Amino acid sequence: MTTSTGKINLLGLTQPEMEQFFDSIGEKRFRAGQVMKWIHHFGVSDFAAMTNVGKVLREKLEAVAEIRPPEVVSEDISADGTRKWVIRVASGSCVETVYIPTDDRGTLCVSSQAGCALDCSFCSTGKQGFNSNLTAAEVIGQVWLANKSFGTVPAKVDRAITNVVMMGMGEPLLNFDNVIAAMKIMMDDLGYGISKRRVTLSTSGVVPMIDELAKHIDVSLALSLHAPNDELRNKLVPINKKYPLKVLLESCMGYMSTLGGKRVLTVEYTLLKDVNDQPEHAAQMIELLRDVPCKINLIPFNPFPHSGYERPSNNAIRRFQDLLHHGGFNVTTRTTRGDDIDAACGQLVGQVNDRTRRSERYIAVRQLSADVELPDSAASH
């Protein structure tokens with residue numbers, strides 16, 4: 001992608017795109033691997049630091065290209081070790097990236113959009129509307145910046161980040177091409193070399209793009225379910241009015257079937273007091289998912305101002321988990337992490353600039369979510 005300087009930002013190029021770039025400037029394709037290693041393995045953003053690249057080529061690159069990550073506005077560290085970065089992107093808006101450490105892994109939660117058009121009623125990101133899609137460089141740049149922050153370069157030595165989840169701000173499948181490109185870089189050995197089983201894309205249910213996904217990439221899939229029936233899900237997750245549960249689950253099953261192997265769908269379910277946390281909801285969920293190979297991740301609601309929802313009691317949370325477990329499901333309840341720095345699930349809000357233009361974009365992308373058409377670049381692969 002060309003930046004405001006008129007130069008190509010190499011940070012967001014996949015390996016084939018990087019090879020094409022070097023072709024276009026009359027250089028050998030093997031240079032793509034050299035430069036990608038400098039960018040992603042060593043966190044270099046200055047061509048002058050690339051010691052195995054000749055001076056003439058470095059000067060040539062300086063003239064036509066750059067390595068420009070998004071800007072870190074702030075970094076907060078929670079008492080539990082969770083980190084949150086506020087990152088400014090080219091649109092002027094800010095997005096948030098969260099790192100969650102546990103005993104055996106370090107998970108980076110990456111944003112795909114500034115704001116979100118899907119307007120899920122319990123999510124603070126949706127309350128701010130939609131501003132812009134992130135570029136591939138801005139998506140993968142969150143991984144690049146986190147590695148730099150931890151000092152884990154080379155990136156594949158004693159890495160802090162073992163897993164990446166596309167569960168930050170935005171609906172990843174409404175930024176299809178850029179998210180796919182970024183995930184390919186995450187998994188490429190010339191990028192971050194993260195296993196495909198450790199890269200997860202979470203969607204609220206953009207069915208045409210789920211159907212398209214397996215043609216482009218093989219990653220783990222998570223579904224933001226949040227309700228066990230269409231009537232309730234229509235209220236909580238409005239895209240359900242376009243793609244109801246039967247169609248949505250068939251699409252998810254189709255994705256897993258196409259890729260083969262022992263695939264398991266991660267089902268995310270935010271528990272809202274007296275809304276979707278009752279025994280009848282658990283019973284409906286057991287019936288809904290009976291034939292779906294899945295694991296269920298319960299997420300107690302993380303309150304934010306004016307949400308209109310409350311977190312269930314610990315007893316209600318345990319009761320719901322026990323009912324699902326007795327129904328034969330592998331169920332975990334997500335421990336709230338980073339809520340003292342507003343980094344918990346559902347709390348990411350960033351900062352969206354230019355509210356009038358944002359509203360226009362919001363309306364446009366809401367229409368897109370209701371009437372999805374594949375982008376030309378997706379259809380041509």
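Note that Cβ sites are derived from N, Cα and C of the backbone, with glycine treated the same way.
Noted in Swiss-Prot for the protein shown:
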type	residues	note
ACT_SITE	GLU96	active site, proton acceptor
DOMAIN	102-342	domain 'Radical SAM core'
DISULFID	CYS109-CYS345	disulfide bond
BINDING	CYS116, CYS120, CYS123	[4Fe-4S] cluster binding site
BINDING	GLY170, GLU171, SER202, SER224, LEU225, HIS226, ASN302	S-adenosyl-L-methionine binding site
ACT_SITE	CYS345	active site, S-methylcysteine intermediate
Given a separation of at least six residues and a C-beta threshold under 8 Å, show me what packs close to HIS226 (S-adenosyl-L-methionine binding site) in the same chain.
CYS120, PHE122, ARG233, LEU236, VAL237, GLU268, TYR269, THR270, ASN276
With every protein chain in view, how many other Cβ atoms are within 10 Å of the Cβ of GLU96 (active site, proton acceptor)?
26
Could you state the whole-number distance in Å separating the C-alpha atoms of GLU171 (S-adenosyl-L-methionine binding site) and GLU96 (active site, proton acceptor)?
14
Measure from the CA atom of CYS116 ([4Fe-4S] cluster binding site) to the CA atom of GLY170 (S-adenosyl-L-methionine binding site) and give the result in Å, rounded to a whole number.
5
Among CYS116, CYS120, which are binding-site residues, the residue with the most C-beta atoms within 10 angstroms of its C-beta
CYS116
Give me the Cα-Cα distance between GLU96 (active site, proton acceptor) and CYS109 (disulfide bond), rounded to a whole Å.
9
Looking at the recorded positions CYS109, LEU225, ASN302, which has the shortest Cα distance to CYS123 ([4Fe-4S] cluster binding site)?
ASN302
